[in-house]
Every structure is written in C-alpha cells, then in structure tokens.
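Report on one structure; see the data block that follows.
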C-alpha cells in the first residue's frame with residue numbers, strides 16, 4: 001500500500017509526544033479539558049494532583065485510572081481485556097430479562113449505605129484501590145440487590161466516577177475541540193455546534209490547496225478547523241478591521257506543526273483593499289499578533305512556551321488571556337522557535353490573492369452585522385467561489401441574504417439551520433436523549449457570481 | 001472539482017475552456033452538469049445555448065440562449081455535484097455528509113474505506129477531505145454501479161484519490177491487504193453488523209467507524225455488535241431546516257387611541273369595529289423576514305459512530 005507512508009504527518013500522529021496538546025475526557029465526558037503533555041504538567045481530579053508524565057508516548061484513545069503509587073497519586077493505563085468486556089455484555093442481557101424488580105419498596109431515608117466516610121478513608125489508608133472501594137460500597141448497600149439491573153449499573157457507574165475516576169486521552173481535532181467548547185463555553189464560540197461547523201466547511205468547499213478567507217471572531221475555531229482540512233497546503237487568512245487581529249486562542253488547542261501554523265495568517269482588511277502590493281502601512285503590523293498575546297510585548301515569549309512550564313488546562317488558558325499574564329511569561333529561552341499561527345500573510349500570497357481572489361470565504365462574527373462584513377470582503381472572493389456566513393441569530397442573515405439578492409452578487413443563496421439529536425441505544429431501551437441542544441446557529445450559504453455591471457477590481 | 005490541479009484553480013482570471021466540467025445553474029433546484037465541448041449545444045426550457053459562446057468566459061458568469069433566456073455557469077464543487085449526479089441509489093445529502101466527514105476526523109493524508117459506493121455522493125466529499133495525499137477505497141457489490149462511479153470520478157477529476165472495488169463487503173469483508181491501514185471506515189449497508197468485524201480489522205487503533213442506517217432496528221443490532229471491539233459508541237440523527245426570506249411590507253397596526261396592546265381584551269367582542277382601530281398605513285418601510293420552509297426532509301438515516309478500542 002503506497003498510502004501508508006503518509007503516516008508521519010504530524011497532524012495525524014496517533015501516539016502522544018512530549019509537548020503535544022491533548023484533550024482529557026474525565027469520566028465519560030463529565031469533565032473535558034485541554035492540556036499539554038510535559039514533564040511537569042498535572043491534572044487535578046477530586047482533591048489530588050496527578051502528573052501527566054505517564055501519558056507521554058501512549059496511543060490516543062488510551063484509558064487511564066487513578067492509583068496510589070509509591071510517589072503519590074498517579075495515572076496508570078488500563079488495557080481492556082476481552083473478558084471484562086463479555087461481563088458487561090452479560091450484564092446488559094441480564095437487564096433485559098430482568099423486569100420483575102422495581103422501586104416500589106425503595107425508601108429514601110439515607111440509611112441504605114452502612115459504610116461511613118471514615119470507613120472509606122480507612123480502606124484507602126490500607127491501600128484499597130478505587131474499584132475495591134466501589135465493590136465494598138455495593139456490598140454494604142442494603143438496597144443494591146433490590147434495584148433493577150439497569151439501576152444497579154447506574155449506581156456502580158456513579159460510585160466508580162467518584163472513587164475510581166477514568167481519564168480518556170483524546171486527540172484535539174476540530175470535532176472534539178468544538179464539542180468541548182460548545183459544552184463548556186458556548187458563548188465563546190458564538191454557540192456554534194459541531195454539526196454547524198461541519199456544514200460551514202462543506203458549504204465553503206474547504207479542501208487542500210484552498211485559499212480560504214475567514215472573518216473568525218469566535219476565538220479561532222473556524223481558523224483551526226479550516227487549517228486542519230488544509231493540512232499544510234493553501235492558506236487560511238483571517239482578516240479584520242482596525243488594528244487588532246481577532247484572537248486565535250483556540251488554534252493552540254490543535255496539534256499543529258510548523259507546516260500548518262505557517263499557513264494560518266492574518267491580514268488587515270485595509271491592506272487587502274489597498275490596490276497595490278506594498279501599499280500597506282509597512283511592517284508596523286508585524287508585531288501586533290505578538291502584542292495581543294503578550295501585552296508586555298516580549299515577542300520571543302509565546303503561550304506555548306508558557307505551557308511547557310506549566311500545565312495549562314483550558315481554565316488556565318482563560319485566566320491567562322483575560323487577566324494579567326502569569327509571572328511565568330518572563331521565563332524561557334526556546335532553542336527551536338516554533339512557527340506561531342497568525343503571522344502576517346507573506347507578500348507573495350497577498351499578491352496572488354489580489355490577482356486571483358480567494359477560493360472560499362467563511363464569516364463567523366456573532367456580534368457583527370453580517371451584511372456589513374460580507375459587502376466589504378466579498379469582492380476578494382473569486383467568481384463562482386462559495387461563501388458561507390454563520391450567525392447565532394437568524395435576522396442578520398435574512399437581511400444579508402435579501403441584500404445579496406437585490407445587489408445580484410450571488411446565487412444559490414440559502415439559509416439553513418441544522419438540527420442534531422443523539423440517541424441512547426440499548427437493548428429494549430432505545431430512545432432519543434432526554435436533553436438536547438435546541439440550537440446550533442444559522443448558516444447562510446451561496447456562490448458568488450460574475451457581474452458584468454460591477455466587475456471586481 | 002478539487003484544487004489539486006493548480007491550473008484549474010478558481011481565479012478572477014480563470015476562463016471556461018473546452019473540456020471543462022461546468023454546472024449549469026437555472027435556479028437553486030434546477031442544475032445540470034455539462035462537459036464543455038466546442039461543437040455542442042445545451043437545450044433547455046430557456047432555449048438553445050452554444051458551448052462555443054461559453055469558452056473564454058469566467059466561471060460564475062451569466063450566459064444567454066438564442067431567445068434571450070439565461071443560465072449561470074458554475075465551477076463544480078462536491079455540494080453542487082451532490083445536487084446534479086445521477087441517482088443510481090438513494091444518496092446521502094449535505095447534512096449527513098458534513099457530519100460524517102467531521103466525526104470520522106478526516107484530514108489530508110487519511111485512508112478511508114467506504115461501502116457501498118452507491119452513487120458516489122459521499123465518496124466525493126471523502127475525497128475532498130483526504131486530498132491531496134490520502135486515499136478512499138470504496139466498494140460496491142454491483143458491477144455496473146461501480147463502473148458508473150469510476151466513470152464519474154474520472155469526469156470530476158477524483159480518480160487519483162479514489163479506488164472503486166467490486167466486492168460484497170457484507171459477505172466477504174474488506175480485502176486483507178487493507179488490514180490496519182484505515183483511519184476511518186464508513187458503512188452504508190443493509191446489514192452493517194455483518195461487516196463490522198472486518199471493519200474493525202481494517203482500522204488503526206482509535207480509528208473511527210460510522211454506520212448509516214435508515215432503520216432503528218439496524219442501529220440496535222449494529223450497536224450490539226460494536227460493543228465487543230469498539231468504544232465511544234454514539235448514534236445521531238442530523239437534519240436541516242431551510243428558511244424562506246421575503247421582503248414584506250407590513251401593515252402598520254395603529255390604533256386611534258394609542259398603543260395596539262390596549263385593545264386586546266376587547267378584541268373579540270368588538271370585531272366589527274376592529275377595522276377602524278387597526279388602520280392600514282402603507283407608509284411603513286418594508287421588512288425582511290424569514291420563515292421555515294413548509295416542507296423538509298424528515299428523516300434520512302441514523303449515524304452510528306464508534307472508535308476502535310486501543311488494546312496495545
């Protein structure tokens with residue numbers, strides 16, 4: 001198979017490495033956090049700190065459980081055995097047959113559990129593992145035997161989460177990054193749900209070699225997702241009005257190597273509009289991205305270098321970007337200076353875009369008027385090229401669509417709203433989830449046309 | 001269709017030339033794929049269009065027929081292709097396609113397996129996601145269908161990214177030379193549970209499988225089969241609602257005595273006098289409004305995703 005060689009692309013690595021960004025899924029999605037795997041990084045679960053060192057060099061998808069090691073609490077890898085697995089299947093089947101039990105005799109008076117907090121602490125001191133504590137709790141529960149198999153399973157799971165938490169190592173891909181932000185900080189990504197994000201990438205025809213113009217005002221999620229699809233080819237160019245480029249904080253959650261980061265660039269709208277190359281305001285802008293990240297303007301200090309000294313979960317990153325910079329900013333002299341995403345677009349690329357136009361346009365500006373932006377940036381899009389505008393509200397898109405029609409700037413205009421429902425699938429207990437997201441935002445898509453009356457340029 | 005050939009890349013200066021594949025756009029639901037050939041003509045309800053008139057014009061332009069009717073000529077994209085391809089089977093549409101590509105975590109360089117090929121609607125989008133160095137191996141047990149799909153990929157310029165095989169995946173499984181090379185597998189089969197064990201062998205650890213099934217009974221059975229080797233098993237349904245946008249001149253509801261709200265309690269009793277209270281006022285400015293389209297696709301299929309468990 002000639003295809004196997006492509007494995008080495010850093011984007012598609014399936015084993016973690018020192019310094020890589022990972023998504024930690026604690027207890028089946030109960031807690032999700034981004035982290036960087038370094039010798040000193042830790043994750044806090046319950047009231048204990050666990051070093052992330054053991055995760056380095058493990059395949060993505062590995063599962064870890066907490067243990068009390070010689071040097072304190074640690075994470076250790078669990079390799080599921082086929083037998084363990086058969087057990088759960090047996091349990092499932094049991095659940096179907098077993099329909100005679102119900103909760104008519106259940107009295108909720110908080111006396112069912114005979115083990116006290118002190119007993120559990122005692123077990124722990126004797127070195128009992130989390131799973132042993134769970135078994136002890138079950139053995140000492142007066143009501144466990146009378147529960148239905150389904151609710152026994154629920155009870156076990158609940159206790160397991162508390163006493164024997166599991167950590168799943170996941171790859172930070174557009175899918176998991178968007179899911180995580182949507183779950184934890186939906187406002188920061190303009191309430192853009194993952195199915196909507198996937199639609200944007202399709203409607204905009206994002207593919208290798210594309211030159212994608214974006215107006216990404218949702219923290220860099222669009223930029224990151226596009227860069228992932230470009231795989232180090234083409235360009236994703238984030239344009240902006242005024243002097244400050246939009247934040248790209250989310251891009252750093254992806255595991256992009258230099259070859260991809262180099263393709264993530266920014267360009268102020270004024271320079272894109274300037275009729276000649278070199279008509280720009282000069283190099284004054286070059287420092288802007290750095291100074292955004294580091295108000296202290298120490299341009300050789302970057303967030304990734306902070307992360308290598310200190311475990312940065314998403315919470316920590318938030319603090320860093322919204323409050324003052326942590327003191328650690330002053331450390332660091334990196335041997336190899338990694339390419340940072342969001343440098344200014346190179347002159348030859350700008351020249352090419354002015355001559356040829358961009359091949360796709362994506363706008364996600366939740367707090368701005370869609371029409372105001374699109375009428376300014378659409379001229380930079382090639383003829384017959386697709387564009388797509390995301391908004392959390394319907395009305396700005398409706399107005400924008402109407403204006404595009406009236407001005408005869410585009411065809412194939414359509415506003416769509418995706419709807420996503422997840423199902424619980426279990427023997428005899430299949431149904432949609434009781435809770436679902438009611439809105440993932442709205443999408444206006446279309447194709448730019450060549451209009452003889454108002455030719456470009 | 002993709003940008004792998006830099007001379008075909010969209011540009012302000014890119015002109016339609018002999019041999020190009022263009023999408024002839026009449027209106028949003030009437031489109032057709034046409035191969036430009038200097039001596040050919042296109043006939044539709046707007047008249048006769050000479051291909052020779054198109055050559056040298058930019059993509060995205062409006063062209064006229066001999067009677068003055070017009071159409072737009074667009075560069076093909078997988079989205080447009082999905083709307084114009086000949087349906088040899090029921091096909092997947094954009095909502096499912098987009099979600100599948102995203103959830104399969106496809107990026108340039110990935111190897112993805114698909115069965116069945118069907119009309120190649122999804123295949124085109126899979127190819128777009130893994131280009132330029134990845135590969136799609138797609139299988140269909142129907143010889144003619146596979147042949148037609150091959151011809152289509154040739155036409156759309158994807159043949160270097162897609163290999164179409166004739167094979168009964170449910171019966172025989174995927175070919176052994178693909179064991180352990182797949183980043184992702186997509187199944188659209190009547191009995192996917194028969195192909196799941198083989199799909200598991202093809203996948204790299206932590207690789208993602210997706211099975212598309214219209215019926216919940218199929219999902220039930222697939223999910224049960226998946227539990228032995230897979231984890232993170234999740235089933236979704238994804239649909240789209242489209243909106244109609246219109247500029248409407250609303251009657252301004254002006255009552256004689258003040259705010260419109262003050263009349264509400266007596267509305268029913270004094271219906272006869274209503275007209276005098278709710279006066280029409282055409283001076284109001286037009287408002288652009290959106291409403292959901294009345295008809296929509298209510299179901300396509302369930303998408304079940306799962307990850308191959310890491311056991312090494």
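Glycine is no exception: its Cβ is also placed from the backbone N, Cα and C atoms.
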Additional site residue, B:140, B:177 [criterion: listed by TrEMBL with B:119, B:120, B:121, B:122, B:168, B:188 for S-adenosyl-L-methionine]: B:140
B:206-250, B:251-295 - the one TrEMBL records as region 'Disordered': B:251-295
Among B:140, B:168, B:188, which are binding-site residues, the residue with the most C-beta atoms within 10 angstroms of its C-beta: B:140
Chain-internal residues near residue B:121 (S-adenosyl-L-methionine binding site), provided their CB is under 8 angstroms and they sit 6+ positions away: B:81, B:82, B:85, B:91, B:92, B:93, B:97
Cβ packing number for residue B:119 (S-adenosyl-L-methionine binding site), 10 Å threshold: 22
Chain-internal residues, separated by at least six, CB under 8 A from residue B:120 (S-adenosyl-L-methionine binding site): B:85, B:138, B:149, B:152, B:153
Neighbour tally for residue B:122 (S-adenosyl-L-methionine binding site), based on other Cβ positions within 10 Å of its Cβ: 26
